[in-house]
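Step one of this worksheet: look at the structure below.
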Amino acid sequence: MKTAELIFVPLPETGHLLSTIEFGKRLLNLDRRISMITILSMNLPYAPHADASLASLTASEPGIRIISLPEIHDPPPIKLLDTSSETYILDFIHKNIPCLRKTIQDLVSSSSSSGGGSSHVAGLILDFFCVGLIDIGREVNLPSYIFMTSNFGFLGVLQYLPERQRLTPSEFDESSGEEELHIPAFVNRVPAKVLPPGVFDKLSYGSLVKIGERLHEAKGILVNSFTQVEPYAAEHFSQGRDYPHVYPVGPVLNLTGRTNPGLASAQYKEMMKWLDEQPDSSVLFLCFGSMGVFPAPQITEIAHALELIGCRFIWAIRTNMAGDGDPQEPLPEGFVDRTMGRGIVCSWAPQVDILAHKATGGFVSHCGWNSVQESLWYGVPIATWPMYAEQQLNAFEMVKELGLAVEIRLDYVADGDRVTLEIVSADEIATAVRSLMDSDNPVRKKVIEKSSVARKAVGDGGSSTVATCNFIKDILGDHF
């Protein structure tokens, strides 16, 4: 039987890799005509361990192979990453195009000349940052599909920006932060200040507009979300409107739990044993992603809030981007002693396992989309504290559009030139967390309901399973 091979080109960052690999596994499990998923792994300078992550995540899946690309000799200057991360990433991918082109051409040539007993390349699945590779797809006569690791809301912004650029050909400025925008994928008007911080930078804004423009050239767009969690935006994209077909295939999650060499086995067991001893829904989990670093004064305010509330907690503190600092070092003197027995402070926490535990009752999160979907899957309500990328938009959508989260902040920014200098006070944090942990808060009931809906979406006959099967039918056509 003639079988298909699909080539994936992800952005080699943790959040993008996790959902990309899980989606590849789902395709292999859904249709036996797909026999191979080939992942082309670029060597991103600020994510040097991507290959190791890929290897561990795919070790048990023989249908996935990794092709590691060599380092490029002239990467973009690292200082560009601090001022315009979107531009850095697009420039990095552009510099990888010659190697990507040669690798894809070789894979297609090899499959075409191998006869009927081997798999044949059926198409490209590209991270949304990799839209420039659509040109390579055309060159080798393959359809290109975009995989949105984020949600419909962010796709709606990418659809909106090129139209805005035609009317107002410049980036947003600080004075437009309070401006409320009509973005067709949203029910409510969207404050400019919750858009990705890059829209306020000339280079980043241009990069986001370029991505939005090129999305039109894709054969289709796969979105890591599900119709029932973003119904208005999903309906908007289902209407076509001279746009590629959009497939809601989420939630695409790695729920096996993830280990980290920084957390010894004994520490993990101790943490889970402590959770086992706590009452149901009584523990607050605070975790801000792999890049979520707060200044010391803000850590002090969070600590004071936890003492004001008096609730049980697990708090993952990163003191630097490497995550190798002492999490207790920036804490107020005596905090660890005063909260002994009712709180755990660590540098890394097994997020999936904690959210899955019945003792966990609330999640203070940076609102990365993977984290949001994990919290919905396990029915744990979120208090929003966005940090970077599109997290401010995710926070706005969860609080204002969907009523699925409690607001600490919607527009907090922790990177680039728009970093938030204001310190969020202990009182403000405590007020939001008390609301979050209130068993009568209607947000909690809605989130628990979405947990059931999310599981149905990816179950047999669920909306996302049907959408994924439709995608498979479209990309394979009548050739397999």
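Cβ from N, Cα, C; glycine included.
Residues or ranges marked as UDP-alpha-D-glucose binding site in Swiss-Prot: S290, 349-351, 366-374, 388-391. The 10 Å shell around the Cβ of S290 (UDP-alpha-D-glucose binding site) contains 17 further Cβ atoms across the protein chains shown.
Counting every protein chain shown, 26 other Cβ atoms lie within 10 Å of the Cβ of G368 (UDP-alpha-D-glucose binding site).
Within 10 Å of the C-beta of E374 (UDP-alpha-D-glucose binding site) there are 24 other C-beta atoms, taking all protein chains into account.
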